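Notes follow the structure.
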Amino acid sequence: MDNEQNLAEYVLSQDGIIFRGSYKHPIPTAWNFGQFESGILDVCLRILDMNPKCLRNPGKDCSGRRNPIYVSRVLSAMVNCNDDKGVLLGKWTDGYEGGVSPMFWRGSVEILRNWDTQACQPVRYGQCWVFAAVACTISRALGIPCRVVTNYLSAHDTNNNLVIERYINENGDLVQSREMIWNYHCWVENWMTRPDLKSDFNGWQASDPTPQEKSEGVYCCGPIPVKAIKEGELLSKYDAPFVFAEVNADVITTMRKKDGSTSKVTTTTVVGQKISTKRVGSDAREDITHLYKYPEGSDEEREAFKKANHQNKLLQQQQQNQGLHLTIKVTSDMRQGCDFDVFAVVTNNTESDKKCRLYFGSCAMSYSGFLGENCGFKDLLNVELSPGAERRVPLRLNYSKYGGVLTEDNLIRLAALLLDYSTGEHILAVRNIVLENPEIKVRIIGEPKENRKLAAEITLQNPLPEPLEGCCFSIEGANLTGGRVISERVGSSVGPGDDAKVKIYFTPTHSGLRKLVVDFDSNKLCHVKGYRNVIIGK
């Protein structure tokens, strides 16, 4: 990597932005990588020393460390603890006994220090963005350019057939299976040459430390050239079919009826949306979908699919339904604590009158696709549409219904299932919505200079129609908080519409542009994230 700006971002920058939320509403989350904080490099080297290849043959492993291909593959295995004394234990279901929610973390420093001081016992718990962020910290500490990437509507293909087979019941509810579509999934890219492959494949290499499937008997994934994914070159090392499926898999939805019979359902789910990373020198989102995929329907895309033997996708593109059309529309104002409407929109593109049944439901959902409790539904048995007509059906989502069942991800899955009585065809539309958390406001008090104490006045307005108890703000930031997390509790409960406010003191140690990462937690409103960029003078 020759570009100095890129090196400053992908090796030297100690903080960054990870994108979460949904492809319709990407949410930037600040992260403190902290690769140059005291002792972190030693921890990263210890991680390499604890990998099973080193324990079996230290000499061969140490020789391999001059090769970033080898190092990044080792790291993708060692950031998770599934096969070794790795750093993080993953958990994707409720209940975090013996640890903390993955949403708790604001940076990598505390995670790496906990692993180091606890005799290499796994830190509990992580999910994909935490695994990716820790891998990014370690890569940058070792001098390998690295960035965190988010793939929205990310497919988890368990059998390498490039097809996600989903089953629903007659209400449009998903029947859980190992093959799922995650609302988003994060991995890392490392920049390196690939002398083991053709020269076109130098540059960004995708590597995924989240334990999903085994590769060569170990839970790891990559590195695989991003260019190989785009070109459909699935024989390239390593794990090309799995990553190709994450961004390109076909989705086949089948309805299982009460009588045991099944029928195919028409749906328009497209995986691999708005693949995102932080832009160099800015907190803005950079869309890098074009690095992974050719434009949909293009000749180049068809050629890549042919190379990958992805005939299902080509066939699906030729068979788009032109009759009834079903989609889900939402309002721009979907905030935690509010009541709001969402809409199923049915359009009759045929020249005949249509009579249909519409089931429109909602339920809480985790970002990895696990479904929770119902948040409201309606079942209309007689929806009539004349040729060219459109019907807009509202569904009211009330805080009194969703507030107690919402997951930490603030996600609600909307599903509309339409039955055309005349043809027996089922059409499914699905949309995942993210409820917005309130903004955390940070005001810096004092002149920001290195080695001079500053105060951050931090406020958050309670958006819920009920009081918040146990309110606590926490901050951290590379070269701002001395490599530690500083927390301050609010002295009393915070009523509806009132402000939670604290003042936290910290002493910056280095000049330059720094990122103060903030977390708010309470009994009803958990793990709200915010940040403030601060320019520290000399």
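Yeah, the Cβs are placed from backbone N, Cα and C, and that goes for glycine too.
These features come from TrEMBL:
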- Cys128: active site (ACT_SITE)
- His185: active site (ACT_SITE)
- Asp208: active site (ACT_SITE)
- Asn248, Asp250, Glu296, Glu301: Ca(2+) binding site (BINDING)
- 120-211: domain 'Transglutaminase-like' (DOMAIN)
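Glu301 (Ca(2+) binding site) has a Cβ environment of 20 other Cβ atoms inside 10 Å. Counted within 10 Å of its Cβ, the other Cβ atoms near Asp250 (Ca(2+) binding site) come to 24, all protein chains included. DSSP assigns Asp250 (Ca(2+) binding site) to a strand in the three-state reduction. In the domain 'Transglutaminase-like' (120-211), the DSSP tally of helix, strand and coil residues is 17 helix, 41 strand, 34 coil. Counting only same-chain residues at least 6 apart in sequence, those with a Cβ under 8 Å from the Cβ of Cys128 (active site) are Trp182, Tyr184, His185, Cys186, Trp187, Thr210, Ser368. According to DSSP, Glu301 (Ca(2+) binding site) sits within a helical segment. On the backbone, the CA of Asp208 (active site) and the CA of Asn248 (Ca(2+) binding site) stand 17 Å apart. Burial estimate for the recorded positions (Asp208, Glu296): highest at Asp208, by number of other CB atoms within 10 Å.
The secondary structure of Glu296 (Ca(2+) binding site), as reduced to three states from DSSP, is coil rather than helix or strand.
Here the Cβ of His185 (active site) has 25 other Cβ atoms within 10 Å, regardless of which shown protein chain they belong to. Within the model, the domain 'Transglutaminase-like' (120-211) shows a mean pLDDT value of 94, rounded to a whole number.
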